[in-house]
Amino acid sequence: MKKLSGAEMVVQSLRDEGVEYVFGYPGGAVLDIYDAIHTLGGIEHILVRHEQAAVHMADGYARSTGKVGCVLVTSGPGATNAITGILTAYTDSVPMVIISGQVMSNLIGSDAFQECDMLGISRPVVKHSFIVKKAEDIPSTLKKAFYIASTGRPGPVVVDIPKDTVNPNFKYPYEYPEYVELRSYNPTVNGHKGQIKKALKALLVAKKPILFVGGGAITAECSEQLIQFAQRLNLPVTSSLMGLGAYPSTDKQFLGMLGMHGTLEANTAMHESDLILGIGVRFDDRTTNNLEKYCPNAKVIHIDIDPTSISKNVPVAIPIVGNAKNVLEEFLGLLNEEGLKSQTDLESWWQEINQWKAKKCLEFDRTSGVIKPQQVVEAVYRLTKGQAYVASDVGQHQMFAALHYPFDEPRHWINSGGAGTMGFGFPAALGVKLAHPEGTVVCVTGDGSIQMNIQELSTATQYGIPVVIICLNNHFLGMVKQWQDLIYSGRHSQTYMNSLPDFAKLAESYGHVGIKIATPDELESKLQEAFSIKNKLVFVDINVDESEHVYPMQIRGGAMNEMILSKPQEETN
């Protein structure tokens, strides 16, 4: 059995776990680990310019692959800088292991230089956390961390490692565990057969059923089963922001995204339904609006691997705890074995839905003479043939991308849904591109969000990571401005940004390509130019209509079907 120092154990454990990339930033408490990375090799380290960006890069890598992202930061400010990224991963159930350095064990609690209680600070935003007390525990602790992060409902796990446990002068026998035994942690992956049969029977007699798909369906890798099931029973399908791509957005049975900025047909169908089958969803406030008015005639069936999510916000008639893929396979098996089929004709239900679809709630003014954000997203969709990985920041541009770029595959839509973290999109896009070097990766951002982590242009230069940044520049914090327009009588308090840099020239100063677009006439040709450049990052700064709002938009405190539509529809209704 070979002997390794604690620092070497960290690196060798990551290698044995199959880690490809570590995203991080060195500092005193982790210098021995960084030296081991240099000495042992076998792992590519990406040196970021801020620890928050390291977590977002690992996040993008994880979301687009289903693998566990890995982060390495030093103690104190290195660890605390990572917290926002950890929160982002936690709220969206992203598998990640964050290794944080810690001061010497005998100095913990003494207010030592760069000491902070990482376990205490991170506890509310992690799935689990560990502190390593002796070097011999490093392999088993990391094995547990990766297992916990990737199983059940995934999430970030922090491993805090005091500096003395990675001392290079002491060697210990090394063996990486083949498996993990955690008696207190045993996620339920197979749904209860009685509940599954009960749910299927309820679904088959429903007159207005609808499938509501969330991010948990993507985590469960159940798209194939979901498509078979929905098409077998001719069921309408809608999705949360996080679930986009789990079911093909261009399929005729897909009603679009639901929720605050969901489509008319999706939100109205939910409100009018008599049965909702929720698959890997949280029923959070952005998808339910006023809970007291929520879908008054609907019985709810909820499939989720996390039992604490069931009936947390919406009362559930038939709960099913389990992996969505396994449960859907059980559904399909019952349909085949027992020859079950829908006992109701859904033709009249589809006629209602098609009437709502006919209103074309996503239409907008295409003749105004200024560039509309929707036009940009539609052009990006055409030019990428719908095959791009799209990493979005947070704001109006996020909603425009979700509504106007149809995703037909899972893990191609990368965004911060639960935390709504500005500054997420660009570093996440870099992580996605590292995971998919042959894929087209687009970052859709705004002039506000991009400045949150714009320093990562330097990281992209150092490692030659060619993504296309589409910056919808309206010189405002657009989503906040929209609320100020609609709710605060147009009082734009602290949302106008009058000191923006020349983004194109800034990108060029880092060695990238900068492109400016100011008029609709040049939009298509300059975007074509941007996507024709393959080996360099391209920053496309696009001046868009500053007065444009995201529609549809639910009325605050209303029911699912109470919505403000875009102006063209308001004029025709």
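Glycine too: its Cβ is placed from the backbone N, Cα and C atoms.
Small disclaimer: the values here were computed from a predicted structure and weren't measured.
These features come from Swiss-Prot:
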BINDING   Glu51  thiamine diphosphate binding site
BINDING   Arg153, 261-282, 304-323  FAD binding site
BINDING   Asp447, Asn474  Mg(2+) binding site
REGION    396-476  region 'Thiamine pyrophosphate binding'
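The shortest Cα-Cα distance from Ile305 (FAD binding site) to any of the binding-site residues (Glu51, Asp447, Asn474) is found for Glu51.
When other Cβ atoms within 10 Å of the Cβ of Gly278 (FAD binding site) are tallied across all protein chains shown, the result is 26. Ile305 (FAD binding site) carries neither a helix nor a strand DSSP state and counts as coil. Ranking the binding-site residues Glu51, Asp447, Asn474 by the distance of their Cα atoms from the Cα of Ser311 (FAD binding site) places Glu51 first. Among the binding-site residues listed (Glu51, Asp447, Asn474), Glu51 has its Cα nearest to the Cα of Arg153 (FAD binding site).
Fewest Cβ neighbours within 10 Å among the binding-site residues Ala266, Ile305, Ala317: this applies to Ala317. Taken residue by residue with DSSP, Gly278 (FAD binding site) is part of a strand. If you average pLDDT over the region 'Thiamine pyrophosphate binding' (396-476) in this model, you get 98.
Considering only the binding-site residues Glu272, Gly278, Ala317, the residue listed as 'thiamine diphosphate binding site' has Gly278 as its nearest partner by CA-CA distance.
Broken down by DSSP into helix, strand and coil, the region 'Thiamine pyrophosphate binding' (396-476) contains 34 helix, 15 strand, 32 coil.
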